[in-house]
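Features of the protein shown, as given by Swiss-Prot:
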type	residues	note
SIGNAL	1-27	signal peptide
DISULFID	Cys28-Cys96	disulfide bond
BINDING	Cys28	Zn(2+) binding site
REGION	28-31	region 'Involved in metalloproteinase-binding'
DOMAIN	28-145	domain 'NTR'
DISULFID	Cys30-Cys118	disulfide bond
DISULFID	Cys145-Cys195	disulfide bond
DISULFID	Cys150-Cys155	disulfide bond
DISULFID	Cys165-Cys180	disulfide bond
Amino acid sequence: MDLRKHLGLLTLLLVAVFAFYGRPADACSCMPSHPQTHFAQADYVVQLRVLRKSDTIEPGRTTYKVHIKRTYKATSEARRMLRDGRLSTPQDDAMCGINLDLGKVYIVAGRMPTLNICSYYKEYTRMTITERHGFSGGYAKATNCTVTPCFGERCFKGRNYADTCKWSPFGKCETNYSACMPHKVQTVNGVISRCRWRRTQLYRKCMSNP
């Protein structure tokens, strides 16, 4: 077999490999989101403790038996699901599955019917005070404010809207120590409400040492 045939077969093999492994990677791509956005878009937001883990209840899926400690938000359908105390996720990391550690407490903000890498899940002890306050009620007070992902200097210099806060996924100060909240502003036409990043003490400290 000559060199061209070898190269042809190699090319076909590489195409097949990328086609096979490329699909799960595409399926797992998700836009970065601020914790406040996760709260707003979630079907349920709970604080839970992971009790057990099983890979045999449902083929291709990992099922976690959990104890729901607090429910911060849930649709009626999500409440019915949570009564069973079970959350499932794809068994394979390449199919967007996640791993929760047994015995640990997490805040989880998820969409029905499954938990995956695009969901919000964070160990409670690793959360900042601002994040804890946001999920326990702070974010619910800012339903009229939207966090908008912003990439590059051109975006941040662009037009600002009264109901949004621009956010860089690399901005740890806004992510960990602030929330997009309504704020009263005095104008020539009277008092209006605009959304802005809440200037907590921890946020100001972070901004002074970015």
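Backbone N, Cα and C define each Cβ position, glycine as well.
Given the structure is predicted, the values throughout are model-derived calculations rather than measurements.
What Swiss-Prot annotates, mapped onto the structure for a quick look.
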| residue | record | contacts (Cβ under 8 Å, 6+ apart) |
| --- | --- | --- |
| Cys28 | disulfide bond | Ala94, Met95, Cys96, Asn116, Ile117, Cys118 |
| Cys30 | disulfide bond | Ile117, Cys118 |
| Cys145 | disulfide bond | Gln36, Asp163, Thr164, Cys165, Cys180, Met181, Pro182, Cys195 |
| Cys150 | disulfide bond | Phe156, Lys166, Trp167, Ser168 |
| Cys155 | disulfide bond | Lys166 |
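Summarised as a single figure, the pLDDT of the region 'Involved in metalloproteinase-binding' (28-31) averages 82. The residues of the domain 'NTR' (28-145), classed with DSSP into helix (H, G, I), strand (E, B) and coil, number 35 helix, 40 strand, 43 coil.
Residue with the densest Cβ environment among the disulfide-bonded residues Cys118, Cys195: Cys195, by other Cβ atoms within 10 Å. In the three-state DSSP scheme, Cys155 (disulfide bond) falls into the helix class.
Here the disulfide-bonded residues are Cys96, Cys165, and the one with the most other Cβ atoms within 10 Å of its Cβ is Cys165. Cβ neighbour count for Cys180 (disulfide bond) (all protein chains, 10 Å cutoff from its Cβ): 25.
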